[in-house]
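What follows is a short report on a single structure.
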Amino acid sequence: MEKGTRHRNNTEKNHPGGSESQEADSGGGGVALKKEIGLVSGCAIIVGNIIGSGIFVSPKGVLENAGSVGLALIIWIVTGLITVVGALCYAELGVTIPKSGGDYSYVKDIFGGLAGFLRLWIAVLVIYPTNQAVIALTFSNYVLQPLFPTCFPPESGLRLLAALCLLLLTWINCSSVRWATRVQDVFTAGKLLALGLIIIMGVVQICKGQYFWLEPKNAFDNFQEPDIGLIALAFLQGSFAYGGWNFLNYVTEELVDPHKNLPRAIFISIPLVTFVYVFANVAYVTAMSPQELLASNAVAVTFGEKLLGVMAWIMPISVALSTFGGVNGSLFTSSRAVGPVNCLGPGCMWRREMNMGPWLCAWLFFAGAREGHLPSVLAMIHVKRCTPIPALLFTCISTLLMLVTGDIYTLINYVGFINYLFYGVTVAGQIVLRWKKPDINRPIKVNLLFPIIYLLFWAFLLVFSLWSEPVVCGIGLAIMVTGVPVYFLGIYWQHKPRCFNKFIELLTLVSQKICVVVYPKGAEDLKMEDRNQDMEQQQPICQPPASKDKDAVGP
């Protein structure tokens, strides 16, 4: 392979070739992405990524733990502000360590292989499957709730429908990339229709004078004793709706003038999302009392029944379409391992404008397999369909296991706690990097007050969440700890018995034959290039140098 094809720039490595890609001049075999994302497009990507099914399920959890309408609205606003702070911190890390894998790569480079592996371990086993389980259960709730107008749908029915949704969409994603993208295109419109209806009807209600629960004396009328631990859980519930903000740094490689446009996109988009979320919650309480909202597992359905009359069926259908598309988008993208490889052809063209956020989750699978932290078979694709069948099957099975717990709000607390744990570790790495590498190039450099504010909020959230939900949060911590022996036995231990290595090779070969998958074209070249670039970063950044003489040796 020619030198010009092998040595790609960061844009080529960190983004898959889609419809905007162009062939490299040297060999014609590589692809490079143009800097075509302006400020407006960047804002659209961020807003489209964050707004999803969370706003249809989190309002009940936030209000239930907050104890009053006024405090619940404040929590939605504060969560939006904290999201802005976290996004700015991640933006600095994203341009300082321009590697695929997101916070997994940042934690690994700053704190070492074990910390990075634990981030990957918990993401693959907990975060992605739990997120998909919550979306699937939200879908089944909104489908079944109209059929049970006087009671909650049976849990067994909810789980069964959620499982069928996952299996159907896994089959679609295994069969064809084009089918998956078409499903996504059709069902994405559901969330826009539902949110638009909710906000418009809320404005109409306020104009009619229906704002009893928005008056200060009523808004802060507590229906339960205030508790700091419950307030922390309310923040966890709200943060689920803002999920996806930690992927914003990936946009930098294709942004026009990213040093200016990325912070601007963050300051425009996340406040806009916060505005939409706050007004959606305001709309809910113009039609429902807090007690009515808490009595419903499908708040948008109850809202529609009260205000839309004979057209109330629009709301459950719109939200069901939205959540069905959400499950599809999560499966379509969180399992992808082929992002940075040269998989050419119409069947492999990525629809980034469709769902930028989950698409970026794909990098974690490839980055983990590239570093040897995940089995290489998870980075393989079907020889004809260009679909990552092994990763899709793994994701589907792990998500089905999460459906054992049918309570959506328990799952949100579970995944929210683990998410924030590593968000804080990553932001702490930003401070460590400032201390250990003060002269490293930082195209975007935020004030140190931002990571400090975020870490203070992070500490509050983790301590009091663990205090309020010790079992749920403890299970997440226990799963994370199980990754320690796996790391030392599977990765750190280099000289394994030959029979063990032969067994792994045989298992990989059998998996390849069953799924008819191969390692994507160009991945080996990129793997070697990335490892060559990492030669100077073999030791964690936070570790002191071994000796002066060793520092003098290097490329």
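Cβ atoms are placed via backbone N, Cα and C, with glycine included.
Just so you know, TrEMBL annotations never went through curation; they're auto-generated.
Summarising the annotation, TrEMBL assigns region 'Disordered' to 1-28 (among others).
Taken from TrEMBL, the feature compositional bias 'Basic and acidic residues' applies to 1-15.
The transmembrane segment annotation in TrEMBL covers 37-57 (among others).
Annotation source TrEMBL lists transmembrane segment at 69-95 (among others). Note on the transmembrane segment (69-95): residues 59, 62-63, 103, 106, 213-214, 216, 218-221, 226, 231, 234-235, 238-239, 242, 245-246, 248-250, 252, 258-259, 262-263, 266-267, 270-271, 273-274, 277-278, 281-282, 285, 290, 423, 426-427, 429-430, 433, 442-446, 450-451, 453-454, 457 of its chain, located 6 or more positions outside it, place their CB under 8 angstroms from a CB of the stretch.
Counting residues 6+ beyond its ends, the transmembrane segment (116-140) has Cβ neighbours under 8 Å at 52-53, 56-57, 103-105, 107-109, 153, 157-159, 161-163, 165-166, 240, 243, 319-320, 323-324, 326-327, 330-331, 334, 361, 364-365, 368, 371, 373-374, 394-395, 398-399, 401-403, 405-406, 408, 411-412, 414-415, 418-419, 422, 425, 476, 479-480, 482-484, 486-487, 491 in the same chain. Residues or ranges marked as transmembrane segment in TrEMBL: 116-140 (among others).
Here TrEMBL flags 160-180 (among others) as transmembrane segment.
If you look up TrEMBL, you'll see 192-213 (among others) marked as transmembrane segment.
According to TrEMBL, the transmembrane segment annotation covers 228-245 (among others).
Taken from TrEMBL, the feature transmembrane segment applies to 266-287 (among others).
Among the features that TrEMBL reports, transmembrane segment is placed at 307-327 (among others).
Taken from TrEMBL, the feature transmembrane segment applies to 389-411 (among others).
TrEMBL lists 417-435 (among others) with the feature transmembrane segment.
Residues or ranges marked as transmembrane segment in TrEMBL: 447-468 (among others).
Residues 113-114, 117-118, 121-122, 125-126, 372-373, 414-415, 417-418, 421, 466 of the same chain lie 6+ residues outside the transmembrane segment (474-493) yet bring a C-beta within less than 8 angstroms of a C-beta in it. The feature transmembrane segment is assigned by TrEMBL to 474-493 (among others).
Under the heading region 'Disordered', TrEMBL lists 529-555 (among others).
Of the recorded ranges 228-245, 266-287, 307-327, 389-411, 417-435, the transmembrane segment (192-213) has the largest number of C-beta contacts under 8 angstroms with 266-287.
Taking pairs at least six residues apart, the transmembrane segment (266-287) and the transmembrane segment (228-245) share three or more Cβ pairs below 8 Å and count as touching.
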